[in-house]
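Colleague: Let me give you the structure first, and then I'll get to my questions.
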């Protein structure tokens with residue numbers, strides 16, 4: 001930098017217009033950089049000196065120059081909120097769509113200034129209304145979040161697309177309802193926003209509003225602007241639930257008063273076969289239950305719930321049979337709660353008394369060998385022959401160390417109460433169920449049995465009660481919770497739990513397909529102890545240390561529904577198994593090889609050894 005260039009920079013910094021003009025007339029470059037590699041015009045913009053900015057531009061200063069960080073100089077003008085400087089830059093061909101690498105568009109910066117005049121200055125020069133920010137989201141979405149109605153209207157009037165979808169698959173109308181601002185929602189609808197559009201979970205904005213107990217005025221606005229009201233009421237989310245189902249779950253009597261008459265039937269069902277009356281009765285919304293019954297009388301139809309097992313359900317196709325391990329002499333609280341949760345589902349619950357699987361002599365002597373195990377497996381195969389899923393619920397006993405050791409597991413417990421028959425019978429059932437490709441669920445003790453059978457490790461823990469569970473984001477469990485708990489942080493949930501033992505190391509590590517262990521951890525507690533696992537291939541295996549079958553009295557509607565949906569999702573897996581089995585199709589689900597599980601593992605290991613030259 002020569003002396004004259006230093007003088008020009010100094011004159012600009014000191015707001016000395018005459019000196020700036022003199023030096024420019026002498027031929028000093030108006031695009032020189034200061035010692036920080038910033039264009040000299042940037043100092044004039046920051047000083048809000050319109051005259052010096054104008055002189056520099058007249059003498060060839062670059063209106064699209066950027067500083068050392070790649071930030072356009074017009075960004076500084078936006079920060080000063082000097083409309084006159086912004087206009088002079090735009091008039092001198094500053095690019096209204098300038099977006100340097102890894103930077104946001106200039107229009108987004110204008111929107112974030114919250115100044116309508118500045119936004120209009122860029123719009124009048126052809127700024128791209130539907131551009132994306134550096135994260136891939138529409139800049140119009142940021143305008144909606146700002147809740148500046150004047151700016152939103154200006155963008156819409158210039159042609160911003162009210163039906164843009166963000167990279168998460170949600171139309172902008174979903175962002176608008178989050179603001180709870182009726183005027184913004186109305187503005188989008190008036191400019192053509194589709195009130196019937198769905199997000200990636202299959203929910204319309206009406207569904208989402210109901211799940212969040214949304215503002216009735218906003219809901220009414222959306223409905224009144226629907227082209228086909230009957231159609232929008234009968235749209236279903238991915239769980240098969242309609243607007244009426246969600247209203248019944250939320251207990252929103254105002255919605256029922258206003259819109260129930262739009263439904264030609266009150267017996268519309270979701271994927272699990274539930275009607276709105278099922279949910280209103282289950283959750284204690286008596287007023288809504290009465291409204292549904294009154295509406296059914298007006299329609300001269302009988303209103304049904306799945307709980308009552310009426311002829312309405314008897315006429316539906318065959319339903320899956322779910323085997324539940326139990327002891328007919330000792331029915332524990334958690335075991336009964338599991339059976340009751342399943343009975344609310346679209347399935348038949350069939351008890352299997354595990355004591356009938358183990359030979360009496362073996363149980364009396366607490367003796368185990370291959371002959372006894374094979375006899376238990378033969379009995380288990382008989383009991384599970386026509387079943388479509390297996391559930392091993394919680395109980396008051398621990399996994400027997402001798403049984404676990406025989407199957408390759410490890411149990412480090414000393415003074416616990418062991419149940420030899422239960423441990424052997426349930427591991428025999430597990431072997432049969434896994435070979436058949438049958439869906440499996442284990443709760444509390446069942447969680448430990450499954451992991452011990454799959455060569456996991458069980459340890460003792462001081463009597464532990466917990467509520468807070470951390471869910472792994474890439475798990476099926478997270479997916480289920482996400483669909484049904486939109487108002488909560490899905491990765492932090494409250495569940496009831498009480499146990500003396502824990503899974504120290506998960507099982508399934510010796511069973512590999514495509515280099516994946518059979519099981520993965522899907523939830524932990526605040527002590528980082530394993531709270532849930534699920535299978536990564538083959539038929540679904542889901543285990544829970546906590547108790548989704550036990551609802552606390554403090555649970556919200558959303559938490560009650562969440563627990564029901566965990567069971568509903570499992571029953572849907574059983575239904576898939578039932579259909580594949582009845583069609584003679586491969587029942588290994590994700591594993592397209594019609595071989596036993598053991599054969600598949602051995603084949604995989606043989607392939608790996610061949611590749612290594614062993």
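Yeah, the Cβs are placed from backbone N, Cα and C, and that goes for glycine too.
Pulled from Swiss-Prot, these are the listed features:
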- 3-32: repeat 'ANK 1' (REPEAT)
- 36-65: repeat 'ANK 2' (REPEAT)
- 69-98: repeat 'ANK 3' (REPEAT)
- 102-131: repeat 'ANK 4' (REPEAT)
- 135-164: repeat 'ANK 5' (REPEAT)
- 168-197: repeat 'ANK 6' (REPEAT)
- 201-231: repeat 'ANK 7' (REPEAT)
- 239-268: repeat 'ANK 8' (REPEAT)
- 272-301: repeat 'ANK 9' (REPEAT)
- 348-580: domain 'Glutamine amidotransferase type-1' (DOMAIN)
- 444: active site, nucleophile (ACT_SITE)
- 547: active site (ACT_SITE)
- 549: active site (ACT_SITE)
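What does the local environment look like for each feature on the list?
Modeller: Long-range contacts of the repeat 'ANK 1' (3-32) within the same chain: residues 39-41, 43-44, 47, 49, 51-52, 55-56, 59-62, 65, each at least 6 residues beyond the stretch ends and with a Cβ under 8 Å from a Cβ of the stretch.
Listed as Cβ neighbours of the repeat 'ANK 2' (36-65) (distance under 8 Å, sequence separation of 6 or more from its ends, same chain) are residues 8-9, 12-13, 15, 17, 20-21, 24, 30, 72-74, 76-77, 80, 82, 84-85, 88-90, 92-95, 98.
When pLDDT is averaged over the repeat 'ANK 3' (69-98), the result is 93.
Remote same-chain partners of the repeat 'ANK 4' (102-131), defined as residues 6 or more beyond its termini with a Cβ less than 8 Å from a stretch Cβ, comprise 70-72, 74-75, 78-79, 81, 83, 86-87, 90, 95-96, 138-140, 142-143, 146, 148, 150-151, 154-155, 158-161, 164.
A Cβ distance under 8 Å defines the sequence-distant neighbours of the repeat 'ANK 6' (168-197), meaning residues of its chain 6+ beyond its ends; these are 138, 140-141, 144-145, 147, 149, 152-153, 156, 162, 204-206, 208-209, 214-215, 217-218, 221-223, 225-228, 231-232, 235.
Within 10 Å of the C-beta of residue 444 (active site, nucleophile) there are 27 other C-beta atoms, taking all protein chains into account. Reduced to three states, the DSSP call for residue 444 (active site, nucleophile) is coil.
In the structure as shown, the Cβ atom of residue 547 (active site) sits within 10 Å of 22 other Cβ atoms.
Counting every protein chain shown, 26 other Cβ atoms lie within 10 Å of the Cβ of residue 549 (active site).
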Colleague: Indicate whether residue 547 (active site) is helix, strand or coil by DSSP.
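Modeller: DSSP assigns residue 547 (active site) to coil.
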Colleague: About how far apart, in whole Å, are the alpha carbons (Cα) of residue 444 (active site, nucleophile) and residue 549 (active site)?
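Modeller: Computed Cα spacing between residue 444 (active site, nucleophile) and residue 549 (active site) is 11 Å.
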Colleague: Would you mind listing the long-range same-chain contacts of the repeat 'ANK 3' (69-98), meaning Cβ under 8 Å and 6+ residues beyond its ends?
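Modeller: Tertiary neighbours of the repeat 'ANK 3' (69-98) are 39, 41-42, 45-46, 48, 50, 53-54, 57, 63, 105-107, 109-110, 113, 115, 117-118, 121-122, 125-128, 131.
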